[in-house]
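As structure tokens, the structure follows; a few thoughts come after it.
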Number of protein chains: 10
Amino acid sequence: MVTKKEAAEAVRAAKARLGLTWAQLAEAVGRPVAWTTSALLGQQPMSAAEADAAVALLDLGDDVRQALLLQPTRGALEGAVPTDPTIYRFYEVLQVYGPTLKELIHEEFGDGIMSAINFRFGVERVPDPAGDRVVVTLDGKFLPYQW
Amino acid sequence: MVTKKEAAEAVRAAKARLGLTWAQLAEAVGRPVAWTTSALLGQQPMSAAEADAAVALLDLGDDVRQALLLQPTRGALEGAVPTDPTIYRFYEVLQVYGPTLKELIHEEFGDGIMSAINFRFGVERVPDPAGDRVVVTLDGKFLPYQW
Amino acid sequence: MVTKKEAAEAVRAAKARLGLTWAQLAEAVGRPVAWTTSALLGQQPMSAAEADAAVALLDLGDDVRQALLLQPTRGALEGAVPTDPTIYRFYEVLQVYGPTLKELIHEEFGDGIMSAINFRFGVERVPDPAGDRVVVTLDGKFLPYQW
Amino acid sequence: MVTKKEAAEAVRAAKARLGLTWAQLAEAVGRPVAWTTSALLGQQPMSAAEADAAVALLDLGDDVRQALLLQPTRGALEGAVPTDPTIYRFYEVLQVYGPTLKELIHEEFGDGIMSAINFRFGVERVPDPAGDRVVVTLDGKFLPYQW
Amino acid sequence: MVTKKEAAEAVRAAKARLGLTWAQLAEAVGRPVAWTTSALLGQQPMSAAEADAAVALLDLGDDVRQALLLQPTRGALEGAVPTDPTIYRFYEVLQVYGPTLKELIHEEFGDGIMSAINFRFGVERVPDPAGDRVVVTLDGKFLPYQW
Amino acid sequence: MVTKKEAAEAVRAAKARLGLTWAQLAEAVGRPVAWTTSALLGQQPMSAAEADAAVALLDLGDDVRQALLLQPTRGALEGAVPTDPTIYRFYEVLQVYGPTLKELIHEEFGDGIMSAINFRFGVERVPDPAGDRVVVTLDGKFLPYQW
Amino acid sequence: MVTKKEAAEAVRAAKARLGLTWAQLAEAVGRPVAWTTSALLGQQPMSAAEADAAVALLDLGDDVRQALLLQPTRGALEGAVPTDPTIYRFYEVLQVYGPTLKELIHEEFGDGIMSAINFRFGVERVPDPAGDRVVVTLDGKFLPYQW
Amino acid sequence: MVTKKEAAEAVRAAKARLGLTWAQLAEAVGRPVAWTTSALLGQQPMSAAEADAAVALLDLGDDVRQALLLQPTRGALEGAVPTDPTIYRFYEVLQVYGPTLKELIHEEFGDGIMSAINFRFGVERVPDPAGDRVVVTLDGKFLPYQW
Amino acid sequence: MVTKKEAAEAVRAAKARLGLTWAQLAEAVGRPVAWTTSALLGQQPMSAAEADAAVALLDLGDDVRQALLLQPTRGALEGAVPTDPTIYRFYEVLQVYGPTLKELIHEEFGDGIMSAINFRFGVERVPDPAGDRVVVTLDGKFLPYQW
Amino acid sequence: MVTKKEAAEAVRAAKARLGLTWAQLAEAVGRPVAWTTSALLGQQPMSAAEADAAVALLDLGDDVRQALLLQPTRGALEGAVPTDPTIYRFYEVLQVYGPTLKELIHEEFGDGIMSAINFRFGVERVPDPAGDRVVVTLDGKFLPYQW
């Protein structure tokens, strides 16, 4: 039996071997690229049709397909604080600006949270003469504290 | 001598007492609201003019003004993993989608990071019939690995 | 300026001194007892009317009242694992039955969570000849994963 | 020799392959669904009859059956703080409402705890026009501090 | 308001100043010495009569008396692993013999625990020509796992 | 080469398969049951005769026998705080009563410790109409601080 | 599929077997020695030509070559604090002189950081009659805080 | 009595109030700027003459002077992993390049370390058309492993 | 009431102010210098005569004297891993040579430990033309594992 | 390829099988016993001649020999705090006497450290009618802080 983690490694290896992009995989699967990537990395359960499409394009077997269908136990970081610099910068944003995010949400919406469940995000390149910019848009439903 | 942390508490208390908003403070200071909030919470050094404007509106004294001028030692979370639900959801996004963010940045830009230094962000309310949405835009310069 | 934590200590001391119960405080405040208790312990912001009622019954001053109005940074445990046995047993339930809870939620509802924001709970005594039972009902809206 | 953890993985795989539900497994085993699920996930020792029934329905071998009989070393979380959002929300409840739970138990019962040993729980779907609700009922014997 | 921790320090200081023993305090309080010691160190709530007796013998004031009456949040160690050698040795016993204790309890009683709530203990000196021995007797009700 | 940990797993499996008790193993080995159990779980080195007797009764091979002879690196818990409830209760005793144990040892013996090296313990069932009791006797030589 | 970590071990083994130096490998690869070493240890992705050159000199196979091409998840320490003395001394420098480094950067450049992405370093031997010196030059672009 | 930490805060405040630079303080003290900064931040003991010079220029009192003379217990970070981005980047260098540093030291010098005791460092600005660079030179005596 | 930690700080301050050495204090107290230092730093209880002598020489008051008499809760490090380099080197010895120490003790003495209770140590300067040496002698009674 | 850790296990197994002592191995290798033991446990690189001698006496193969030649990444403890009692006692010495060691080194030598690199140690049995003593002599070059 292949775990979702082993399936993710198999996906990465096949993607590199075949020279595929996450965008191509997303198109084949028929879902947004961020969702598709997270699903292939083991953080979302795929439908049978989605798994079929992914496995076909990646030329992988049924054991990987089975793993992609499973309900994940989510959580993709090795430790509490990520060490990889590309990921760490987002943790640094949280360390430096976390309470600011909280204040601005409460000022605009009142007491509550941005849902991380009813949630989507995207990564975009915004050209800039001083150097192109990575723009990440986090978009979650506001959930007010309701007793 | 007042620390930046004590100054932040004084700011919060005065803001609540006077019924001010972060947006009003930002307007007085003449900087974006997210930057102003983070500066008043102790994560940015203010210029003399910015600190003057903030302290005047908040009716606070020179000791707070001095603290606002200081270079901060940044880091606003009490522990490695935040416990406050409004802040935690951003950590959860990182736990679940961190490697996805990394893959998408590398696919679009190559090996490198989104800067958290040459960086700005904003929080917006996007109306939605199914419930308004919190949209957080993280916007940092791409920095390629360069030896 | 009194913090929410100091206010909570003042509440506990006054409650003990005056021989009040959380139920009496909840009745005065006009909210459920669990919500009222958590608010007086610093985990919810109170409205002005609620704070007035609580402070009047507890014979406390305006500084505590101000603290009760503040938006909290939530998180009430001293460490990641609680040491107090009454609280620890709930952590033990999570340690032993956490994955079971996850399986049963997914089986009944599909992929998603029990909200801890749109959420209420209660504690009840259920008489039992073999020893009365503590019955805690956790009641949160189901939130499906939605991209 | 198959460990209880490996047995749990084999159970999950067989259950997915055969399209079984925890409720069907519980019926076959003749125990409540929450207990049965936790036992099949390795947190309870099964009787020989219970293990026989489970293994028969899951079409698994004697090595899994042996593992299901073993006395477990309990504890099902990978770290002190769970990362999976479905499980984390229960930890968040503890972080925000732990001391409130303690106060309410002491107010109603005096000094003591809700047993996590003489204990059962259930998960229910409660229909609600604003969105169905997950209702978890934790039900443990009160144990007073007795010297 | 005096916390239970501050009360414990006041108790220790008064006990040293007056040359009292825990045994004398227990006799005055009318409870076993181990219970009395733990209560005066802040781990048990005392009845009014018990607190009166202790405070009278220790020549302490009403603020300490109030603190002794309070329901404690239990947990007396500074960190997860104690550093004091006298306390550490008990942790070492747990590190070396914890699984053995578990096996012997299950062999004799079946699946369950020694209660730490319905529980008492004592410390005794047992003369021995090769050096007197510390004999600690932990005595808790067996609680079987019962669903 | 079989490690002591693998040998312990082999012992548990053989003991379950053959329906043996720790008491029977102790009798065969000729040592107290608590010592024998801890040795077979990898926390004591056995003599050749002891290992021979254990391996014979358990019907295990020479590789396990070799492992039982080895000097152990002691420490049987997976983390600093045990998660298994049967073991955790002893940690809870330490959390709640650790400083009390220290006080009582110092009152009776002066500055020093209960040895965990010159040490033995036992687990006993004491019948009680209100429910039988687990009585654990920890018995270690007193070691005074001596420069 | 060979991971970057396994590839690093294969590189070390081959390098030792063949008596190669990092300098020779760097020359073959055509990049600075520090970069080449970090890439062969799994912390940089190599181009196809670089991986070809390295693998040829080290007499390793295509699986290692594939691994050298992969984008790494960076982070080379086993724990938060390194235990190896040669590496620890750099952590000690950070522990003792971290805030000094920060002050001197801010004094010279204003608020900002030394980039660890647009970054290079070298290790040099500087002869000294009192004992040769290790001189490590860390050289990163200054990045000012820019909103 | 003023601790070295309190003295460091007093130094920072006076330096800001008087508009002094670390370079000016170093000149007055007669030591390199990096050493002087670390000493005034509490990580080195100063001689009487050095403390006199610093205190005179900073217009501080004898209590600060006394503190500057004390032997420090070194270690300037709040936690194991620094949160301030300016300091964190050096930790990141260690995370990514630590083993590379080790390899290069061993290749050049054999088995041993760069001393962090017989050690000095400096921070320099190196102009660069693509953005000025922070160049940190760590310079420690090589110490070979010698039994 | 002065704690042992506050007393230790008072001792250090007075010692510095009066220009005393630990050796002089030890002579006055009439105990070995290592013991006396550890006692004055709060890790040993002093007898009345010892405390009298120390307090007289240090010109300190009765509150410090009272603190010196108290039974300590031992443990002098701020965290699990010391950050001060002078202390860290001993931790490094343990990290690198801990299992070697264990092997050599078992080879010479059999299964058991070097007591840290029946224990003394000393620090000596041993002249050496290549640089004088710090020689620390740890001297503890061997305690065999005895059931 | 055999790692140094696997080599250490092979050494221990062969040593037990052949009934060799560390002293015999040290004699064969021609180095002090403490050094030889630490090298065979993977904490020192051996020369070819030393590895040859060790492997010959232990009757092990070339893969172990290769591993003994490798430069180690040092650090022999499983966690920050050792659990094995024989090793823990040295950690306890550090916990209780660490600051005393620091004071005595500074008093005798001035500001600096005992080197753990230019370092040797030995373990000796010292007969004593009250029980033989373990005497560990740590002997490192004094390194003064030198800028």
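Using the three backbone atoms N, Cα and C, a Cβ is placed for every residue, glycine included.
All annotation found in TrEMBL is predicted automatically rather than curated by experts.
The active site annotation in TrEMBL covers I:R89 (among others). I:R89 (active site) falls within a helix when secondary structure is assigned with DSSP.
TrEMBL lists I:E92 (among others) with the feature active site. Around I:E92 (active site), no same-chain residue six or more apart in sequence has its CB under 8 Å from its CB.
Marked as active site by TrEMBL: I:S115 (among others). Taking the Cβ of I:S115 (active site) as centre and 10 Å as the limit, one finds 22 other Cβ atoms among all the protein chains shown.
Per TrEMBL, domain 'Cyanate lyase C-terminal' is recorded for I:76-147.
Annotated pair I:S115 (active site) and I:R89 (active site), C-alpha to C-alpha distance, rounded: 21 Å. In the predicted model, the domain 'Cyanate lyase C-terminal' (I:76-147) has a mean pLDDT of 97. Using a cut-off of under 8 A between C-beta atoms, the active-site residues I:R89, I:E92, I:S115 that neighbour chain G are I:E92. Each of the active-site residues I:R89, I:E92, I:S115 was checked for a CB under 8 angstroms from a CB of chain F; the ones meeting this are I:S115. Each residue of the domain 'Cyanate lyase C-terminal' (I:76-147) gets a DSSP state, and the totals for helix, strand and coil are 25 helix, 28 strand, 19 coil. Counting only residues at least six positions away in the same chain, no Cβ atom sits under 8 Å from the Cβ of I:R89 (active site).
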